[in-house]
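Q: I'd like to ask you about the structure that follows.
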């Protein structure tokens, strides 16, 4: 007959009861007089108290109280004169004592894992006087373990990872189960491990719980994850032991054990010859069953006739090889290219080189398609020069363009008027000759940048663009003039020969050898008695006084005409008038006021006379102010 867990516990409890009853007579021993000393199975006596250490089997499920043992004093003659009292841990609530006989019973189910022992105290009293007939003594009731706790994996479930292709015996992870039963008593807490699911790929060490690989060459690309079930069983794995299980998820991590391979031995792509430089021609990819860094690729062109025309790079996100154009394609020059491309793993693992070369090659053929291209100019830029004195209709230069297609269609020229809004230039539609259409002025616009359009006669939508720079050459067509509007002053106390102004000139022309200006007074001003001019020979001139005694009330402003001439061929000149104001200055020659009216006094009166008149007026006003109160008082 097979017993279940509950039935087996009841069976053990019945055995314990039989053992306890059979030992009752042995618990009644001779006298002792001090605290008892307990030694399992070997009683010692001192004075009157006598007993063994008490044991109680845990998890008793019976309906009647469980007999624990008997307390006895040899003072007790059996006549009912002695009363036994129990105190301490669990007294009355768990353990009760028959006060007449000293028999102790447990009234509740006990669990060693909650409390392993109880410390109690016993007393024997005279029933009539309630006085102790024995000293109070302390004893222990120990809870005896049964196998009532299964092993538990407190850290489960587990996850672990090992590289694919690991050798047999590679350690994966260690699992640990704990058993709450008493490890010092029997085999209740002695655990062994076994594997219930995960064979034949993995095994487990029975004593340590270390999981190891059991098969070689486990391939991630075939299966990358395994679910193991590990059992821990107490009672050293014997029948009737309790068990617990946990799961272990083992993931195979990738290694570089798969070489890259192109799905096809050759590819062909068609591209128009008008495709711009740096455009993508094609994307190709070598397949690799590995993942992550083990699948990273490097591509290169190892052979072919397009080495300088195309290049290949890797897309780091997709690991594709990207073929791009490095130079312009020309159908009329070459209609196709052949490339030999190699793909290789970026980092090969030496352990797996025996599996084959970790690279592969394929052939890529690129067909160039003809497109109707716009006319092409013979030069990307046409620099031209023309004098600003040139006549309208004169030729400046010529541009030339042709149709690069095999049809070689005739070309017609025009000027993009957005680049020549004032219409200074014209172009011959057939010959490309550029001429002036209006008079030019370098000082207004020194350089003209125009765009010339070349259109196919048979297909006007095909338009090429050429760029022309026309520099306007300078002629001496601008006279020199004052560099600025001068505000010139002369002090009334100025001395003869004193410099009152330094002047310079500007000229809008730009002669190649620089400006050279000449300064002089005009013929009419040469013999004036007030001012003279000195040419400093450095494109400046100084204005000097010829006399002293300038007075504002006599003349407050002088106008001095100055003749300026440049060194051009032919030379140009101009007359500029310098305005000179007479001012009152301080001792340092700083002008204080240049107002001529400040010297004009009313009615020819002097300043002293005006002051006297003002004093008289103030005196009269003061007298009138004193007289008014007297009249009012009378």
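Glycine is treated like the rest: Cβ placed from N, Cα and C.
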Q: For which of the residue intervals 576-598, 599-621 does TrEMBL record transmembrane segment?
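A: So the range that TrEMBL calls transmembrane segment is 599-621.
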Q: When secondary structure is assigned with DSSP, how many helix, strand and coil residues does the domain 'Cadherin' (263-377) contain?
A: 10 helix, 54 strand, 51 coil
Q: For the domain 'Cadherin' (73-153), would you mind checking the mean pLDDT of the predicted model?
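A: The predicted confidence over the domain 'Cadherin' (73-153), as a mean pLDDT, is 87.
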Q: Reported in the order helix, strand, coil, what are the DSSP residue counts of the domain 'Cadherin' (482-599)?
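A: Reading the DSSP string over the domain 'Cadherin' (482-599) gives 7 helix, 53 strand, 58 coil.
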